[in-house]
Amino acid sequence: MVGFGGKKVRQMVVGFGGSGFGQVAIAVAVSFLVRVFSAPGPALSPDNDPDDTQENGSDDAEAPAAGKVTPVTIRWRNINCCLSDKSSKSVRFLLRNVSGEARPGRLLAIMGPSGSGKTTLLNVLAGQLTASPRLHLSGVLEFNGKPASKNAYKFAYVRQEDLFFSQLTVRETLSLATELQLPNISSAEERDEFVNTLLFKLGLVSCADTRVGDAKVRGISGGEKKRLSLACELLASPSVIFSDEPTTGLDAFQAEKVMETLQQLAQDGHTVICSIHQPRGSVYKKFDDIILLTEGSLVYAGPARHEPLTYFSKFGYQCPDHVNPAEFLADLISIDYSSADSVYTSQKRIDGLIESFSQLLSRDIYATPIIVNDLSNSRKKITQRAAVGKEKGIWWKQFWLLLKRAWMQSSRDAPTNKVRARMSIASAIIFGSVFWRMGNSQTSIQDRMGLLQVTAINTAMAALTKTVGVFPKERAIVDRERAKGSYSLGPYLFSKLLAELPIGAAFPLMFGTVLYPMARLHPTLQRFGKFCGIVTMESFAASAMGLTVGAMVPTTEAAMAVGPSLMTVFIVFGGYYVNPENTPIIFRWIPNVSLIRWAFQGLSINEFSGLQFDHQHSFDIQTGEQALERISFGKSRIRDTVIAQNRILLFWYCTTYLLLEKNKPKYQLLETPIDDNEPRLKLEELNSEQADQTLEAPPVGQVDSNQAPESPGVDLVGPFVLEGAK
C-alpha cells in the first residue's frame, strides 16, 4: 500500500469519486488510510524509554529472559487526593496523608471498608488514576529510591473486571498475547514451551483448551479467568503486580486459589500489591504486609498476621478468640450507622486510631530496606521490551495475528450468528408475506417504495445494534492491550474490517435470497445481484457507524441509546418520508450522509429502471423512470450509490480511528508537594556501609513492642468488642 504513488492515487480518485466534493472527500480518505495502514506502529511501547535504545547501542533492545524479575521497592509518602465539587464549592478527600511501602518478595494487601480509598490508592501507585480537572493529586512516590517513572520498570495491573475474547480458548489467548507482546520469541516450539510454563505456573492446564466464554456461552470459571488475567500480565516479567479486588465475585475456594497464586508470585520475587475488602481467615494469613484505610486515612501500615492485633490491643481493642482477624479489623475501622450514638462512638474511635498512627509514623525513620544487590540494580537502566514496529514487517505480523483472532471470535460466536441468521430470515419472510407477489398496478408503486425503504431500515438497524452491543466491551480489551504496546491501532481496525466481511455479508444475502422471490421484485438475476450488493454495502456502512458510536461513548448502554437515535435521523431523511428538494436548507447536508437514503436510492433505481406499469389515465405513472422522478432519483445512477456508500464507510472508519486515538485513557499526574521538606534518602548514592545501616532501620508501621503508640491529645473510646463475641 505504501507503493501507491501520487499519480495512482489520483487515478483512483478520478475513477471513483466523480468530480467536485466527491474527489476531495475520497482523496482525503485514501491518503488518511494509506498513512494509517502503512504506518510502522507506535514508535515505542508505553513501557519503553526513548533513551534506552541509544544507551544500549542498538535499535532492537532485547526483552529480558522469561521469568527474570527485577526487584523493586515502592515507597510513597504524604499521598493526598481530593475531589472538588464546583456546585457546592466543597472538597472531598479520597486519600489524606497516606504513606507506606511495598517490598519485593512480600504480598501487600490494602484493606478497609467500602469507600475507604483502597482502589484509589492502588491506582495512584500504579499510575492508573483516571485524570479529571476536578481531581488534585500530590505526594511523593519512589521506586528503589528514585522518583516514580512509568518508563523505569515493568508493571502489571490486574483489574477487577476480567475481559477477554470469549470465543478463544485459554491456550489461544495466551499464545496470541505472547506473539503480540514478545515478538522476539520467533520459533513456535519456544513459544509453546513458554505458554505451557505459564499454564502450569498458574494452574490453568486443566482448562487450557476450554473457551473463555461469556454470558451467552459457559466457559471457564471466575477463578480461572482471574488467573488467566494474571498470566496475560506476566508475559513481560513485570517487577510489580497490582491487583484490584482479586477475590470479588469468587467463592471461598476460588478466592483462596487466586490468593495462593499471588502469594507464589510474591515469593518468586515480584512486588505484589492488592486491594481486598474482607478476606476469609485463610486468605488473611497469606498476607505479609497490610495497609488499613478508613475514610481515606491511614490506620495501620506494617506487617500482617498478628502484628496488627498486637498493635490495636495496646489501645484496649482485643480480637476475640476464634474470630477472623480480617473481620475484626474491618469492624474496628468501620463506622456503625445503626444509630446516632453508634455513629458518634465509632467515628470518635476511628479518629483516635488515625491520630495515634499518624504520630507514630512521624517518629519513625522512613527508610526503605533495600539489599545491596538492589542498590546496584537501581543504578542501571532496566532493559526494555523491543520497540514495536522497529522490525521490518512487524505491521503485517500484527495484522495477521489480529486477523486470525478476529476471525476466530466472529466465526465461533455461534449463538450470535444463529440469532442474526434467524432474524434475517424471519424479517424476510414477514416482509415477503406483507408484500407478496407485487404486480404492475399503480398501487404497487407505493408498495415497492415502502418495501425498499423498510429493507434499507431493517438492514442498517440489524448491523448497527449488533456492533454497538459488542464493540464497547471489545474496546476496553483493545485499550488495555494497546497500553502495553502489543500493537498499533491501524492493524487492529484493518483486521477487524476484513475478518467481519464474510460473516457480515452472509446475513444480508440470506435476507435478499428469501425476500426477493417472495415479493417478486424485478425478476432478473442481474437485478437480484445488485439488490444483494447494495444491502450488503449498507450493512458494512452501518457496522462502521456502530464502531464510531462505540468509540464515542463509554458504555454499551450508552451506545445502545445513541446509535438508534442517530439512525432515526437518517431514516427521516432517507428519501421516502421527505423529498430531498423540500428539505430545509440547514438540513440539506443530512441526506448526503444518510446511509439509509443512499441505500434506498440504489434499491429504487435497481427496481424501477425499465419497469412498465398498468395505466388507465393520462396522469398515471407509466414507467419506472417516472416513478423515480417523483422522488427526485431520476438523474441518479447505482454507481453514485456505491461511491456514496464507500465514502460513508471510509468516513466512519476514519472517525473511529481518530476517536480511539483521542479517547486514550489519560491518567492523573502526581504533583510533588511544594512544602515537602522531609529528608529523602538517595539510595543510589549509598555505599555498602550505609546500606547495612539502612537495613537496620525499621519499616513503616513497625510497632515497638515496649511502647504503646498513644495519642495524648485524643480521647479514645473504651475497649472495642465484636457484637456476638463471647
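Sequential numbering from 1, following the chain as shown.
Glycine is treated like the rest: Cβ placed from N, Cα and C.
Note: TrEMBL annotation is automatic and uncurated.
For 12-34 (among others), the entry in TrEMBL reads transmembrane segment.
As annotated by TrEMBL, region 'Disordered' applies to 43-64 (among others).
The compositional bias 'Acidic residues' annotation in TrEMBL covers 48-62.
Note on the domain 'ABC transporter' (74-320): its mean pLDDT in the predicted model is 88. If you look up TrEMBL, you'll see 74-320 marked as domain 'ABC transporter'.
Marked as transmembrane segment by TrEMBL: 492-516 (among others).
Under the heading transmembrane segment, TrEMBL lists 528-552 (among others). Sequence-distant contacts of the transmembrane segment (528-552), counting only residues of its own chain at least 6 positions beyond either end whose CB sits under 8 Å from a CB of the stretch, comprise 455-456, 459-468, 471-472, 475, 500-501, 504-505, 507-509, 511-513, 516, 521, 559, 562-563, 566-567, 595-596, 598-599, 602-603, 606-607, 638, 641-642, 645-646, 648-649, 652-653, 655-656, 659-660, 663.
With a threshold of 8 Å between CB atoms, the same-chain residues lying at least 6 positions outside the transmembrane segment (558-578) that come near it are 449-450, 453, 456-457, 460-461, 464-465, 468-469, 471-472, 542, 545-546, 549-550, 552, 587, 590-591, 593-597, 600-601, 604, 631-633. Under the heading transmembrane segment, TrEMBL lists 558-578 (among others).
What TrEMBL records for 683-718 (among others) is region 'Disordered'.
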Q) Can you name the far-off residues of the same chain, 6+ from the ends of the transmembrane segment (492-516), with a Cβ under 8 Å from a Cβ of it? A) 36-37, 399-400, 402-403, 405-407, 409-411, 417, 420-421, 424-425, 427-429, 431-432, 455, 458-459, 462-463, 478, 482, 528, 531-532, 535-536, 538-540, 543, 653, 656-657
